[in-house]
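To start, the structure itself, in structure tokens.
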Amino acid sequence: MNHTVIQKLQKILGYTFIKKDLLIQALTHRSANSKHNERLEFLGDSILSFVIANALYHCFPHVNEGDMSRMRATLVRGHTLAKIAYEFDLGDYLQLGQGELKSGGFRRESILANTVEALIGSIFLDSNLKTIEKLILKWYKNRLKAINPSDTQKDPKTRLQEYLQSKHLPLPSYLVEQVYGEAHNQLFTIYCEISGINEKTIGIGSSRRKAEQEAAQNALIKLGIE
């Protein structure tokens, strides 16, 4: 990745890295290099959850724990992170292996969402908690303003199930197509099958739950609900 490309992405993110190798690693998928972004993703996931929880606690002093948990889940879920990635054009900067490139990995929601988390982890390591907190709140400014405690925050599987029930259609089936990697570092590929949709929708994630949620989200998109 050349200097011009790095500069362009840093401008989009609103942060200039001291250690450019952390930025490169955050953008590197496991299919491209053994020095990939999954550990950074793990770190970024925890930091994001803390920052959003802290913001909700102070922005909504009269909202109960259950509603705040649902609000946080909506703000940190893969679909929201993928939207942020699209806003940043992150797909243009991903380092992917040939297989992922050919299968359209640069557009895959799970890969994009994981990369946002990895970037959060890398910026934290390159700076400090205060810096990454300020940056996350900047990225989430409009979303934090728009989220409403009175809205029922439901995950994609729940929304899909309720939609199908409202149409008196059979509930979806989630089928494990592939499990890749060691027991402590697995990647799940899951298909969601729904009566009335000819094509299965796919979800890929670091856990079965995450993969099922992505498959359900893609089904909602295919049905034209979202």
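The backbone N, Cα and C atoms fix where each Cβ goes, glycine too.
As annotated by Swiss-Prot, active site applies to ASP45 (among others). In the three-state DSSP scheme, ASP45 (active site) is classed as helix. The 10 Å shell around the Cβ of ASP45 (active site) contains 20 further Cβ atoms across the protein chains shown.
Annotated active site per Swiss-Prot: GLU117 (among others), in sequence order. In the three-state DSSP scheme, GLU117 (active site) falls into the helix class.
Taking a C-beta cut-off of under 8 Å and a sequence gap of six or more, GLU117 (active site) has these contacts in its own chain: LEU40, GLU41, GLY44, ASP45, LEU48, LEU81. Taken from Swiss-Prot, the feature Mg(2+) binding site applies to GLU41, ASN114, GLU117.
The domain 'RNase III' annotation in Swiss-Prot covers 6-128, and the record cites sequence analysis as its basis.
Across the domain 'DRBM' (155-225), mean pLDDT in this model comes to 86. Feature annotation from Swiss-Prot assigns domain 'DRBM' to 155-225; the stated evidence is sequence analysis.
Excluding GLU41, ASN114, GLU117, which define the Mg(2+) site, the same chain contributes ASN37, GLU38, LEU40, PHE42, GLY44, ASP45, LEU81, ALA113, THR115, VAL116, ALA118, GLY121 within 8 Å (Cβ to the Cβ centroid), listed in sequence order.
Taking the Cβ of ASN114 (Mg(2+) binding site) as reference, residues of its chain lying under 8 Å away and at least six apart in sequence are, in sequence order, ASN37, GLU38, GLU41, LEU81, SER206. If you draw a 10 Å sphere around the CB of GLU41 (Mg(2+) binding site), it holds 21 other CB atoms from the protein chains shown.
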